[in-house]
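Before we start, here is the structure in question, set down as structure tokens.
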Amino acid sequence: MRPVSPLQLLLVLSLAPQPVLGSPKQYFLKYILEPPPCRSEPGACNMFCTQQEECPEPLQCCSAYCGIVCTSNQAPVLGLS
């Protein structure tokens with residue numbers, strides 16, 4: 001029996017199926033269905049939402065540390081020093 005060359009071994013290992021976490025379908029559904037992250041921390045986490053239509057006019061539905069809430073979602077103002 002001939003010894004196996006390192007190149008043959010590398011070829012076999014590269015062709016072996018690699019484990020994959022989740023599926024692309026789950027990733028895209030999560031991206032489409034979940035609102036974007038909030039740009040600033042919400043003042044109060046008492047107005048929850050699942051869609052933009054559930055929030056009053058000036059507020060936006062976004063994902064924060066306390067859940068998916070309606071907030072002003074304004075970008076934080078950086079002070080110049």
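Using the three backbone atoms N, Cα and C, a Cβ is placed for every residue, glycine included.
From a predicted model like this one, the values you see are computed outputs, not experimental measurements.
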Looking only at CYS38, CYS70, which is named in Swiss-Prot as the disulfide mate of CYS55?
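Of the candidates CYS38, CYS70, the one Swiss-Prot pairs with CYS55 is CYS70.
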Which of these, CYS38, CYS45, shares a disulfide with CYS66 in Swiss-Prot?
CYS45
Of the residues CYS38, CYS61, which one does Swiss-Prot pair with CYS49 through a disulfide?
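Within the candidate set CYS38, CYS61, Swiss-Prot assigns the bond with CYS49 to CYS61.
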Out of CYS49, CYS61, CYS70, which of the disulfide-bonded residues is least crowded by other Cβ atoms within 10 Å?
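Counting other Cβ atoms within 10 Å of each of the disulfide-bonded residues CYS49, CYS61, CYS70 gives the minimum at CYS49.
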Return the count of C-beta atoms lying within 10 angstroms of the C-beta of CYS66 (disulfide bond), excluding that atom itself.
13
